[in-house]
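Residues annotated as disulfide bond in Swiss-Prot: Cys51-Cys57, Cys52-Cys65. Sequence annotations record features per position, and here Swiss-Prot assigns cysteine amide to Cys65 based on experimental evidence. Per Swiss-Prot, signal peptide is recorded for 1-21.
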Amino acid sequence: MGMRMMFTVFLLVVLTTTVVSSTSVRASDGRNAAADNRASDLIAQIVRRGCCSHPACNVNNPHICG
């Protein structure tokens, strides 16, 4: 194999790796964001339930217990 051919193969490998990497990152970002939102909602519900059942916390945090 000549130097020009090896360089061409190298460029193709780099280009392919870049394309595959960028598409997989974009796809996983959406899944991670959805999972983060569900986790945040679950944590907020647990905190509300725990705080609102204690009178002192309920009085100090009326914005949480509504």
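Cβ atoms are placed via backbone N, Cα and C, with glycine included.
Its own atom aside, the Cβ of Cys51 (disulfide bond) has 15 Cβ atoms within 10 angstroms in the protein chains shown. Recorded residues Cys65 (disulfide bond) and Cys51 (disulfide bond) have their alpha carbons 8 Å apart, per Cα-Cα distance. Neighbour density for Cys65 (disulfide bond): within 10 A of its CB lie 15 other CB atoms from the protein chains shown. Cβ environment of Cys57 (disulfide bond): Gly50, Cys51 lie under 8 Å away, each six or more residues apart in the same chain. Neighbour list (Cys52 (disulfide bond), Cβ cut-off 8 Å, at least 6 residues apart, same chain): Asn58, Ile64, Cys65.
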